[in-house]
Amino acid sequence: MHNKSLSELSTALHSGDISSVELTQHYLDRINKHNAELNAFITVTDARALEQAKAADKLFASKKAGALTGIPLAHKDIFCTQGIRTSCASKMLDKFIAPYNATVVEKIDASGMVTLGKTNMDEFAMGSSNETSFYGPVKNPWDTDRVPGGSSGGSASAIAARLAPIATGTDTGGSIRQPSSLCNLTGLKPTYGRVSRYGMIAFASSLDQAGPMATSAEDAAWLMNVMSGFDKRDSTSVDRDVPDYTASLNDSVEGMTIGLPKEYFGEGLDSKVAATVEAAIKTYESMGAKIKEISLPNTSLAIPTYYVVAPAECSSNLSRMDGVRFGHRAEDPKDLMDLYTRSRGEGFGDEVKRRIMIGAYALSAGYYDAYYLKAQQCRRLISNDFQEAFKEVDVIMGPTAPTPAFRFGEKVNDPVAMYLEDIYTINTNLAGIPSISIPAGFVDGLPVGLQIIGNYFDEGRLLNAGHQYQQQTDWHQRVPEAFK
Ligand code: GLN
């Protein structure tokens with residue numbers, strides 16, 4: 001039951017082969033059995049899930065069920081879920097019960113899906129390994145001595161171990177795609193503004209986007225149909241029709257031009273990962289796609305630019321966690337200043353503090369022009385590189401991450417090494433364009449992702465390209481032995 005696609009699950013539910021309560025219970029049992037080892041969920045909402053499943057079964061009985069009705073999913077613990085703890089994996093919000101639902105949660109609830117729980121993540125989505133969570137690291141089901149990637153590592157681990165058929169994630173610099181790559185999943189970061197950010201706890205507001213994490217491009221397309229769309233409560237949401245993302249899945253990729261940026265295949269890329277990605281690209285060639293070498297000359301600016309923009313925005317966003325309106329409150333404060341400083345000192349972990357300090361410095365009077373303004377100019381150059389490239393090619397392909405999953409502790413004390421994990425993903429957040437990671441093979445038993453980047457609002461083409469590859473290969477169907 002836990003190796004079926006959403007379409008198969010939907011058919012089984014609609015035909016009455018299985019009820020939503022049975023399906024939900026099946027996943028809850030798997031969570032019960034495996035979560036202690038993987039630490040993928042922070043909160044399991046079992047009672048509520050079974051209530052939602054019962055409601056879904058009523059819809060089937062009255063023939064009012066939709067395509068996704070009754071199918072379970074997990075939400076990254078960054079999305080506000082009314083009446084349920086929404087922690088962002090921080091001590092700061094350990095006791096925060098969200099008073100309302102994020103738009104993404106609202107839309108998914110309305111589709112009749114069943115929420116199994118909230119998944120673990122790096123604290124406030126800052127990290128690439130899930131080691132910064134207040135609730136402890138998440139394990140990679142492919143090798144439990146290794147990280148699942150981050151920051152959406154809990155969602156990735158949960159799907160890879162088949163504790164949930166699909167999940168939500170968010171991506172500020174790679175947090176959907178890099179864990180998808182490290183856990184053998186399909187993860188899509190949509191165009192900035194495609195999916196509402198309302199009720200998604202902000203990290204870096206100009207970069208954050210929510211998207212689906214799934215076992216296949218087809219499943220991701222199903223969830224994109226529900227998640228996407230204009231929301232007047234998010235001022236950066238784009239008012240533009242949502243296509244049916246499943247409708248273009250079967251289009252041929254013959255004649256599609258694939259750009260290979262030389263900057264994505266150079267120094268720093270593991271040679272076996274490079275070979276795996278190149279083999280995947282050959283498969284596209286055999287399907288009739290054309291290859292063109294391109295250059296994205298400002299690629300090397302991406303990491304420094306991101307590590308000014310993201311900390312600057314997070315230092316501003318996280319200022320609301322002051323122990324008064326939001327967040328952990330220190331005991332017995334001497335005065336107001338003591339309340340602020342101790343609440344924040346106690347509530348935030350080291351990586352979050354590092355970013356707040358960098359951001360506050362970059363934004364301070366006298367430094368704003370030198371850092372934040374300069375970073376915004378670099379951002380434009382990065383974005384222009386992509387626009388130049390898309391004059392010649394339909395999509396851009398390359399690795400998602402420079403290495404397969406690494407061991408716990410390997411990079412956590414070396415922030416720069418950790419930051420380089422996102423060298424191929426951060427660019428697209430800075431440019432606001434969509435990008436998908438799909439399973440492309442294995443290196444020493446560990447999954448490797450192929451990244452496909454498209455122009456604004458080209459999610460349909462990315463899902464189509466992913467789906468066509470998944471018709472030729474079975475990497476995406478592989479499940480770690482212990483979780484079959
Ligand atoms: N790993 C990157 C960071 O630490 C990206 C995180 C994300 O996309 N949320 O900021």
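Cβ coordinates are placed from backbone N, Cα and C, and glycine is handled just like the others.
For 22-463, the entry in TrEMBL reads domain 'Amidase'. TrEMBL lists K76, S151 with the feature active site, charge relay system. The active site, acyl-ester intermediate annotation in TrEMBL covers S175.
Features as recorded by TrEMBL, highlighted on the structure.
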residue : record                               : DSSP class
K76     : active site, charge relay system     : strand
S151    : active site, charge relay system     : coil
S175    : active site, acyl-ester intermediate : coil
Rounded Cα separation (Å) that holds between K76 (active site, charge relay system) and S175 (active site, acyl-ester intermediate): 11
For the residue listed as 'active site, acyl-ester intermediate': intrachain residues, at least 6 apart, with Cβ closer than 8 Å: M121, D122, A125, S128, G150, S151, S152, G169
